[in-house]
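Working notes, beginning with the structure itself.
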Amino acid sequence: MSPETDKRRSKKLGDKNDLRIKAIENGTVIDHIIPGQALNVLNILSDGENFTNTVSVVMNAGGSRGDKDVVKIEGRELTEKEVDAISLLSPKATVSIIRDYEVVQKRHIKTPDSVCGIVKCINPNCITNSGEPIETRFAVTENEKGLALRCIFCESVMTEDLIHFIE
Ligand SMILES: [Zn+2]
């Protein structure tokens, strides 16, 4: 095999990898998302609107720590609220900020002790559901089933399907 062919070959292999998780110029990479949660993460980021950013999603990608989902969003960095909301779905995710193709910041998501204005209370009679301009606030704890959110206003506890309550 001539060196030329060899070069072309490795280029081709490189392209294959690029297709899987393409490098982005500026934006955010959310990695180590629990498999199956990528679309919920997108839901949080889209905030009910259509994306105008380029978004790549890889589901069930094999990694050194087992399967994971990965979301890449171009031209956008996440707000603290978005990171907190993602932490409720996927506490072990990492968020990397990319500028000019370089990772300028990578951090492990930390589940906060409380979340404000992110989750709607399950209790229809809660004061936060009464139309009053009161921001929701939940204490976050962990139990054997996973995360548990306790409303500080009405004491309602929510443990499952948190995605349905994220505002
Ligand atoms: Zn409540």
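Heads up, the Cβ atoms here are built off N, Cα and C, so glycines get one too.
Caution: TrEMBL annotation is automatic and unverified by curators.
According to TrEMBL, the feature domain 'Aspartate carbamoyltransferase regulatory subunit N-terminal' maps to 19-109.
The domain 'Aspartate carbamoyltransferase regulatory subunit C-terminal' annotation in TrEMBL covers 115-162.
Per TrEMBL, Zn(2+) binding site is recorded for CYS121, CYS126, CYS151, CYS154. Under the three-state DSSP scheme, CYS121 (Zn(2+) binding site) falls in the coil class. A simple way to gauge crowding: the CB of CYS121 (Zn(2+) binding site) has 21 other CB atoms within 10 angstroms, across all the protein chains here.
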For the domain 'Aspartate carbamoyltransferase regulatory subunit C-terminal' (115-162), what's the model's average pLDDT?
92
DSSP-derived structure type at CYS151 (Zn(2+) binding site), helix or strand or else coil
strand
Please work out which residue of CYS126, CYS151, CYS154 has the most C-beta neighbours within 10 angstroms of its C-beta, and give that one of the binding-site residues.
CYS151
Reduced to three DSSP states, the domain 'Aspartate carbamoyltransferase regulatory subunit N-terminal' (19-109) has 21 helix, 38 strand, 32 coil
For the domain 'Aspartate carbamoyltransferase regulatory subunit C-terminal' (115-162), the DSSP helix/strand/coil residue counts are 4 helix, 18 strand, 26 coil
